[in-house]
Amino acid sequence: MEDFVRQCFNPMIVELAEKAMKEYGEDLKIETNKFAAICTHLEVCFMYSDFHFINEQGESIIVELDDPNALLKHRFEIIEGRDRTMAWTVVNSICNTTGAEKPKFLPDLYDYKENRFIEIGVTRREVHIYYLEKANKIKSEKTHIHIFSFTGEEMATKADYTLDEESRARIKTRLFTIRQEMASRGLWDSFISPKEAKKQLKKDLKSQGQCAGSPTKVSRRTSPALRILEPMWMDSNRTATLRASFLKCPKK
């Protein structure tokens, strides 16, 4: 699984995931499924904001070609991936500027068009189950929830999907591709099943020549969302950088 992640995700996303896991004492050699899940969630958050801007008239527009003369503002502020201190600083700044209610938990994005925070979810289970778990945790009607699955399903607060159909289809296609590539490598079953994950881990450790008695317990603790964001993500050219970074999984 680790090799798959390094092949299928942009190195910058992989690096952010590595730093986050290290910060919380998680070993990516052991928690390989969590490593893959964090990278996937990060990429979906970046893809969610990609191409979306607000023009001088305050209208939401989609721009795929950069025009240096255009006075555009990014529609979405990416909060996911920053360190906690910076993330809360950004959230507080947004709340002070827009009058938005401060969320209890750090959200993933802020939508300047709809003036609301957004929590993004990517699940290997039924979307409605994961949606309810998110809603019960957040306990706030002010934070918009949008859940994607690897099967192409999605669920959002009040069926308001925020993005246009084409943008959402791009995210769904990427998730479906990840699933298909995992399946072709025999990794999908272990990704969705803790029991199968343990079997795969033992197999991987054995193939790496590690002691058969090495600890194989997979943590059930949910990783905090990534809070480490490189300065480049703040740059005005981040959209072009991200667009170029979405790599297709190479075949075996």
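Glycine is no exception: its Cβ is also placed from the backbone N, Cα and C atoms.
According to Swiss-Prot, the site 'Important for efficient shutoff activity' annotation covers L28, L65, K202, K203, K206, on the basis of similarity to another entry. The active site annotation in Swiss-Prot covers E80, D108. Per Swiss-Prot, the feature site 'Important for efficient shutoff activity and nuclear localization' maps to K195, K198, K199; the stated evidence is similarity to another entry.
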Length of the line joining the Cα atoms of L28 (site 'Important for efficient shutoff activity') and E80 (active site), in Å: 20
Alpha-carbon spacing, E80 (active site) to D108 (active site), which is rounded to whole Å: 4
Sparsest Cβ surroundings (other CB atoms within 10 Å) among the recorded positions L28, E80, D108: L28
DSSP-derived class (H/G/I helix, E/B strand, else coil) of L28 (site 'Important for efficient shutoff activity'): coil
